[in-house]
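Worksheet: one structure, shown below.
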Amino acid sequence: MSQKKSGPIDVAVGILMKDNGDVLLAQRPAGKAYEGYWEFPGGKVEAGETVEEALKREFMEELGITVLAAEPWCCVEHVYPHAHVRLHFYVSHQWKGLPQSREGQSFSWQGTVRVEPLLPATVPLIQWLDALRYSHSTTETNPA
Ligand SMILES: Nc1nc2c([nH]c(=O)n2[C@H]2C[C@H](O)[C@@H](COP(=O)(O)OP(=O)(O)OP(=O)(O)O)O2)c(=O)[nH]1
């Protein structure tokens, strides 16, 4: 008999932020729930992985990017018709590589976020981003 995991599914989500405050968004590919919606890149944490390991794996798989450092930012739970998710948002100012579309998705660097629709659980995060932008020191170097 197959066993279904009860409780929320953990998802690692990364916000790459340039020194000018732009953040990278991705469009969900065809065939996934909420296809065509915009989100921050990331994906489900697999068994035996930490959230940070999942984040690094997803960024390499989806974008070909090496995340060099990322800070946990906030955690949001949301119940969709398809899943109950617990989203672990990380912010990274340090990464290596340029985003490549390895799974056919579109990407966009956004200052004021204008892409839509956004995944419902991600919408509130957009307002909170401004606080982050203003708190980040602009003295750090950004390789991307
Ligand atoms: N990556 C990401 N997922 C989000 C965000 N907001 C949000 O509600 N989610 C939800 C949508 C999905 O239900 C879940 C992510 O699961 P997913 O199916 O995209 O993950 P995955 O890439 O591991 O996909 P798969 O291997 O199962 O195909 O988290 C967000 O900003 N980024």
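Every residue, even glycine, has its Cβ placed from backbone N, Cα and C.
Values in this document were obtained by computation on a predicted structure and should not be read as measured data.
Here TrEMBL flags 8-132 as domain 'Nudix hydrolase'. If you look up TrEMBL, you'll see Arg28, Glu39, Phe40, Pro41, Gly42 marked as 8-oxo-dGTP binding site. What TrEMBL records for Gly42, Glu62 is Mg(2+) binding site.
This view paints the features noted in TrEMBL onto the structure.
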residue	record	Cβ contacts under 8 Å, 6 or more apart
Arg28	8-oxo-dGTP binding site	Tyr34, Glu35, Gly36, Tyr37, Trp38, Glu39, Gln105, Leu119
Phe40	8-oxo-dGTP binding site	Val13, Gly14, Ile15, Val23, Leu24, Leu25, Ala26, Phe89, Thr122, Leu125
Pro41	8-oxo-dGTP binding site	Val13, Gly14, Leu16, Leu24, Ala26, Glu58, Phe59, Glu62, Leu63, Phe107
Gly42	8-oxo-dGTP binding site	Val11, Ala12, Val13, Gly14, Ala54, Leu55, Glu58, Phe59, Leu87
Helix-strand-coil residue split for the domain 'Nudix hydrolase' (8-132), DSSP-based: 26 helix, 51 strand, 48 coil
Shell of the 8-oxo-dGTP site beyond Arg28, Glu39, Phe40, Pro41, Gly42, same chain only (C-beta within 8 angstroms of their C-beta centre): Val13, Gly14, Leu25, Ala26, Trp38, Gly43, Leu119, Thr122
Neighbouring C-beta atoms (10 Å sphere around the C-beta of Glu62 (Mg(2+) binding site)): 21
Maximal Cα-Cα distance (Å) across residues annotated as binding 8-oxo-dGTP, namely Arg28, Glu39, Phe40, Pro41, Gly42: 11
